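If you check Swiss-Prot, you get these features:
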BINDING   TRP28, SER60, PHE61, GLU62, VAL82, VAL83, VAL84, PHE115  5-amino-6-(D-ribitylamino)uracil binding site
BINDING   GLY87, THR88, ARG129  (2S)-2-hydroxy-3-oxobutyl phosphate binding site
ACT_SITE  HIS90  active site, proton donor
Amino acid sequence: MSGHGAPTTDATTLDASTLRVAVVAASWHTTIMDGLLDGARRALADARAGHVVQVRVPGSFELPVAASRLAGDVDAVVALGVVVRGGTPHFDYVCHAATSGLTEVSVRTGTPVGFGLLTCDTEEQGLDRAGLEGSHEDKGYEAAHAALSTALTLGY
């Protein structure tokens, strides 16, 4: 949901008071992750989410397994992580595995997974999307809004 043409995301229009939500967050790139988590928490509060559990995992590669484990116990999952391109193919492998894994969790379980995994060429790109002061986007908020909105659409 990035860039020109993105839908407006205002979680105050949602009533998630009956939803159980898991937020799964990676630990790398602390400043960016703090912004993503703050954004997700704001969206959950704006939508009055009923029950929220937060889990931290080491990195973005671990997001799918944690999301999979939690998906059976909640109505929506918000997955947050940051991968910044380095000088090796590791970036491509982690991004592909995490993206495919989170998609698989959502399709296999029927539990919406809000996709808040930033795949950035530079740390500055991540900071610009983290919902921090001066950021142009708030991907944590957007990911939480997407998970809640989809869960409500599906009748959770």
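A Cβ is built for glycine as well, from the same backbone N, Cα and C atoms used for every other residue.
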Quiz item: Which of these binding-site residues is closest to ARG129 ((2S)-2-hydroxy-3-oxobutyl phosphate binding site) if you go by CA atoms: TRP28, SER60, GLU62, VAL84?
Solution: VAL84
Quiz prompt | Cα-Cα distance, maximum over TRP28, SER60, PHE61, GLU62, VAL82, VAL83, VAL84, PHE115, record's 5-amino-6-(D-ribitylamino)uracil binders, Å | solution = 17
Exercise. Please tell me which one of the recorded positions listed here (GLY87, THR88, HIS90) sits closest to TRP28 (5-amino-6-(D-ribitylamino)uracil binding site), measuring Cα to Cα?
Key: HIS90
Quiz item: Whose Cβ, among the recorded positions HIS90, PHE115, has more other Cβ atoms within 10 Å than any of the rest?
Solution: PHE115
Exercise. Let me know the most crowded of the binding-site residues, choosing from VAL82, VAL83, VAL84 and counting other Cβ atoms within 10 Å.
Key: VAL82
Quiz item: Cα of PHE115 (5-amino-6-(D-ribitylamino)uracil binding site) to Cα of THR88 ((2S)-2-hydroxy-3-oxobutyl phosphate binding site): how many Å, rounded?
Solution: 24
Practice problem: Tell me whether SER60 (5-amino-6-(D-ribitylamino)uracil binding site) sits in a helix, a strand or coil according to DSSP. | Solution: helix
Exercise. To the nearest whole angstrom, state the Cα distance for the pair SER60 (5-amino-6-(D-ribitylamino)uracil binding site) and HIS90 (active site, proton donor).
Key: 12
Self-check item: Distance [Cα-Cα, Å, rounded] between VAL84 (5-amino-6-(D-ribitylamino)uracil binding site) and HIS90 (active site, proton donor)
Solution: 10
Quiz prompt | Inter-residue C-alpha distance, VAL83 (5-amino-6-(D-ribitylamino)uracil binding site) and HIS90 (active site, proton donor) (nearest angstrom) | solution = 10
